[in-house]
Amino acid sequence: MKLPVYLDYSATTPVDPRVAEKMIPFLTENFGNPASRSHTFGWTAEQAVENAREEVAKLVNADPREIVWTSGATESDNLAIKGAAEFYQTKGRHLITVKTEHKAVLDTMRELESSGFEVTYLEPMANGLLDLDAFRAAIRPDTVLASVMQVNNEIGVIQDIAAIGGICREHGVIFHVDAAQATGKVEIDLEQLPVDLMSFSAHKTYGPKGIGALYVRRKPRIRLKAQMHGGGHERGLRSGTLATHQIVGMGEAFRIAREEMAAENERIRRLRDRLLAGLADMEEVFINGDLEQRVPHNLNISFNYVEGESLMMAIKDLAVSSGSACTSASLEPSYVLRALGRSDELAHSSIRFTLGRYTTAEDVDFAISLIKDKVARLREISPLWEMYKDGIDLNTVQWAAAH
């Protein structure tokens, strides 16, 4: 077993060797520009791009013509939300999203607010799922777009996309879904799902970083205002020379995901259950997010009376995160856990374990023993733990104000 043990697959995944192997020729001999229509170098590259587009479409049961290449899910979220909001703004300027969305959605919404759009940010229920009645109640005559992620990056809960999309359809609201964390983890069938726009990323699914895609429904046709101009690539929606090697990598990664997903999810579920069972007998341990409506890859746990930062320092041999990688550089408690109603203390003491393709039972057992040992040691030196063990209710303690 190599240290540190990587249990942070929701931050990024390694590129599958099969994916890397497929990419390499497009960095060396097959280096043509897919937009070069006058020679075989261009034709070869274009064929590779279209094959990859088909593989991405197949994983989510879409038409390849509905797949637009982008630089990743962040760009896809921006193109979908800004593109639709700006194109349809004569219909209305009200948007709906959820407080636990990824920053790529929340910051895009904030940006639109600064240009005159109005956004409703819904609170999730305590289990992290969206209250469908609250969602329905938030829709107004001028609501043009709603954005709800399929799988949450911090707590792994799966939203009821079919039901939310159904409500959007009833009210003529365009529905965008960030599915960066969903591909290869849950079945996605865009023939059936009432979804208009869906964002994908390669690097959460064992593909390379720097490449993603946006699904844009053709029937009924969804129109977007392009955010990137210059050459009219991707049917005018996203200009810029296509990164053939990245695209080939994403196609292969999504092909592998389609073929291996069912068996892989079962294996990961067993490992997640093993991890949960190993930590479940500890005192004052709380699971964040619904355990049923959840991908098997994610376990987000708060260890009460342990300071999150000191726990992270103590478990250096485990690559895990507290909060999302995009925001874990800040010392703020996770905004996702705060939105679930967790106290600052519990939000601060949370660890996100995310398992993946190369996680073994040995890795999980190592994580269990390391966490148990370090949490016990940190609690030994914690006055709060001592007070808790003495039966003092810390919520009723009157702390003296600092002078």
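Positions of Cβ are set from backbone N, Cα and C atoms, glycine also.
Per Swiss-Prot, active site, cysteine persulfide intermediate is recorded for CYS326.
Swiss-Prot lists ALA73, THR74, ASN153, GLN181, SER201, ALA202, HIS203, THR241 with the feature pyridoxal 5'-phosphate binding site. Counting only residues at least six positions away in the same chain, the Cβ atoms of THR12, THR13, GLY72, LYS209, GLY210, ILE211 sit under 8 Å from the Cβ of HIS203 (pyridoxal 5'-phosphate binding site).
Taken from Swiss-Prot, the feature [2Fe-2S] cluster binding site covers CYS326.
Cβ environment of LYS204 (N6-(pyridoxal phosphate)lysine): SER10, THR12, THR13, ALA73, ALA180, GLN181, THR183 lie under 8 Å away, each six or more residues apart in the same chain. Annotation source Swiss-Prot lists N6-(pyridoxal phosphate)lysine at LYS204, citing sequence analysis.
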Report summary line: THR74 (pyridoxal 5'-phosphate binding site), Cβ-centred 10 Å count of other Cβ atoms over all protein chains shown, is 21
**Report entry** binding-site residues compared (ASN153, GLN181, SER201, THR241) - the one with the fewest other Cβ atoms within 10 Å
**Finding:** THR241
Query raised in the report: When a 10 Å sphere is centred on the Cβ of ALA202 (pyridoxal 5'-phosphate binding site), how many other Cβ atoms does it contain?
Result: 30
